Amino acid sequence: MTSTSVRVALRVRPFNNKEILQNCSECLTIIPETPQILIGTDKSFTFDYVFPSDIEQEDVFHGCASPLIDKLVEGYNVTILAYGQTGSGKTYTMGTTLDGSNIPLEHQGIIPRAIRKLFADLHERKEKNPSYEFE
């Protein structure tokens, strides 16, 4: 992780069924081994993280969110937010459902994984140091 206060991650959404049926083509290219994308042939954009459309939820979490939970446990303030147009995958990436139904573990996103990690980390600290307290 860099030492800046704000980090930006880009996750490329896979095609939905309609886009597959319409034989749509990718409008961007991820530049290998870099956190950059190329739109067309002349517009490149650099981010802190770039995740391809076939990445697993767990890899997104470990790639950009898990280190923030470590900082949270150390006492720092952290914020994770998803931004994008309707249908771009914000709800899926964050790991919530609109109806509150259960999500299989492999599809759980950042929120449920962050909560599990937070409580596991706090429990681990308490086991290592019984006098450790948190409010």
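Sequential numbering from 1, following the chain as shown.
In case you wondered, yes, glycine gets a Cβ from its N, Cα and C as well.
What TrEMBL says about a protein is an automatic prediction, not a curated fact.
According to TrEMBL, the feature ATP binding site maps to Gly84, Gln85, Thr86, Gly87, Ser88, Gly89, Lys90, Thr91. In sequence order, no residues are near Thr86 (ATP binding site), counting only same-chain partners six or more apart with C-beta under 8 A.
According to TrEMBL, the feature domain 'Kinesin motor' maps to 5-135.
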Based on Cβ atoms within 10 Å, give me the single least packed residue among the binding-site residues Gln85, Ser88, Thr91.
Gln85
Using a 10 Å radius around each Cβ and all protein chains in view, which of these binding-site residues has the most neighbours: Gly84, Gly87?
Gly84
Any same-chain residues 6+ apart from Lys90 (ATP binding site) with CB under 8 Å of its CB? Would you list them in sequence order, or say none?
Ala82, Tyr83, Gly84
